[in-house]
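Novice: Here's a structure for you.
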Amino acid sequence: MKTLLLTLVVVTIVCLDLGYTRRCFTTPSVRSERCPPGQEVCYTKTWTDGHGGSRGKRVDLGCAATCPTPKKKDIKIICCSTDNCNTFPKWP
(Lines of atoms letter the chains of each structure in order from A; the text may use other names.)
(Lines give C-alpha, C1' and ligand atoms only; values in the text may rest on other atoms or scores of the structure.)
Protein backbone atom coordinates (compact mmCIF):
# COMPACT_ATOMS: atom_id res chain seq x y z
CA MET A 1 0.00 0.00 0.00
CA LYS A 2 2.83 2.40 0.88
CA THR A 3 4.57 1.56 -2.38
CA LEU A 4 1.43 2.34 -4.38
CA LEU A 5 0.95 5.65 -2.58
CA LEU A 6 4.59 6.63 -3.13
CA THR A 7 4.32 5.72 -6.81
CA LEU A 8 1.22 7.89 -7.22
CA VAL A 9 2.95 10.85 -5.55
CA VAL A 10 6.01 10.53 -7.82
CA VAL A 11 3.86 10.22 -10.96
CA THR A 12 1.84 13.29 -9.93
CA ILE A 13 4.98 15.37 -9.39
CA VAL A 14 6.45 14.31 -12.74
CA CYS A 15 3.21 15.07 -14.60
CA LEU A 16 2.86 18.49 -13.03
CA ASP A 17 6.47 19.35 -13.83
CA LEU A 18 6.15 18.29 -17.48
CA GLY A 19 3.22 20.64 -18.00
CA TYR A 20 5.18 23.75 -17.04
CA THR A 21 6.55 26.05 -19.72
CA ARG A 22 8.81 29.06 -19.31
CA ARG A 23 7.49 32.60 -19.79
CA CYS A 24 9.75 35.15 -21.48
CA PHE A 25 9.36 38.63 -22.88
CA THR A 26 9.33 38.60 -26.68
CA THR A 27 9.70 41.23 -29.38
CA PRO A 28 8.39 43.10 -31.24
CA SER A 29 5.47 43.48 -28.81
CA VAL A 30 7.62 43.28 -25.62
CA ARG A 31 5.05 41.21 -23.79
CA SER A 32 5.28 38.09 -21.67
CA GLU A 33 4.48 34.91 -23.61
CA ARG A 34 4.71 31.19 -22.96
CA CYS A 35 7.70 29.60 -24.64
CA PRO A 36 7.25 26.62 -26.96
CA PRO A 37 7.94 23.20 -25.39
CA GLY A 38 11.67 22.55 -25.03
CA GLN A 39 12.62 26.23 -24.98
CA GLU A 40 13.46 26.98 -21.35
CA VAL A 41 15.96 29.84 -21.81
CA CYS A 42 15.03 33.52 -22.07
CA TYR A 43 17.44 35.81 -23.92
CA THR A 44 18.07 39.49 -24.54
CA LYS A 45 20.09 40.27 -27.68
CA THR A 46 21.36 43.82 -28.19
CA TRP A 47 23.35 45.38 -31.02
CA THR A 48 23.89 48.66 -32.84
CA ASP A 49 22.16 48.89 -36.19
CA GLY A 50 23.55 50.80 -39.15
CA HIS A 51 26.94 52.35 -39.78
CA GLY A 52 28.54 53.62 -36.61
CA GLY A 53 25.29 53.40 -34.67
CA SER A 54 23.52 56.04 -36.76
CA ARG A 55 20.27 54.03 -36.67
CA GLY A 56 20.44 53.36 -32.93
CA LYS A 57 20.48 50.38 -30.63
CA ARG A 58 18.39 47.32 -31.42
CA VAL A 59 16.90 44.72 -29.07
CA ASP A 60 15.56 41.21 -29.62
CA LEU A 61 13.85 39.34 -26.76
CA GLY A 62 12.71 35.74 -26.87
CA CYS A 63 12.89 32.06 -25.93
CA ALA A 64 15.44 29.45 -26.94
CA ALA A 65 16.38 25.85 -26.20
CA THR A 66 19.96 26.95 -25.45
CA CYS A 67 21.61 30.33 -25.13
CA PRO A 68 22.18 31.71 -28.66
CA THR A 69 25.76 32.37 -29.76
CA PRO A 70 26.50 35.85 -31.16
CA LYS A 71 27.41 35.71 -34.85
CA LYS A 72 29.24 39.05 -34.70
CA LYS A 73 31.49 40.54 -32.04
CA ASP A 74 29.31 43.63 -31.53
CA ILE A 75 26.22 41.56 -30.63
CA LYS A 76 25.64 41.05 -26.91
CA ILE A 77 23.40 38.21 -25.71
CA ILE A 78 22.34 37.70 -22.09
CA CYS A 79 20.49 34.52 -21.13
CA CYS A 80 18.54 33.57 -18.00
CA SER A 81 16.23 30.77 -16.93
CA THR A 82 13.49 32.17 -14.73
CA ASP A 83 10.10 33.49 -15.82
CA ASN A 84 10.21 36.95 -17.43
CA CYS A 85 13.87 37.47 -16.54
CA ASN A 86 14.73 39.04 -19.93
CA THR A 87 13.37 42.52 -19.38
CA PHE A 88 13.93 45.31 -21.90
CA PRO A 89 17.39 46.82 -21.17
CA LYS A 90 17.76 50.29 -19.71
CA TRP A 91 20.05 52.41 -21.87
CA PRO A 92 22.60 54.69 -20.17
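Counting starts with 1 at the first residue shown.
Using N, Cα and C of the backbone, Cβ positions are placed for all residues, glycine too.
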Novice: Which of these links to C67 by a disulfide bond in Swiss-Prot: C79, C80?
Specialist: C79
Novice: Choosing among C15, C35, which residue does Swiss-Prot name as bonded to C63 by a disulfide?
Specialist: C35
Novice: By a 10 A CB contact count over all chains shown, which of the disulfide-bonded residues listed here is most packed: C42, C63, C67, C85?
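Specialist: Its Cβ has the most other Cβ atoms within 10 Å: C42.
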Novice: Hey, how far is C42 (disulfide bond) from C85 (disulfide bond), Cα to Cα, in Å?
Specialist: 7
Novice: Among the disulfide-bonded residues C24, C35, C85, report those whose Cα falls within 10 Å of that of C79 (disulfide bond); none is a fine answer.
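Specialist: Cα filter at 10 Å returns C85.
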Novice: Specify the count of other C-beta atoms within 10 Å of the C-beta of C35 (disulfide bond).
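Specialist: Step by step: centre on the Cβ of C35 (disulfide bond), count other Cβ atoms within 10 Å, giving 19.
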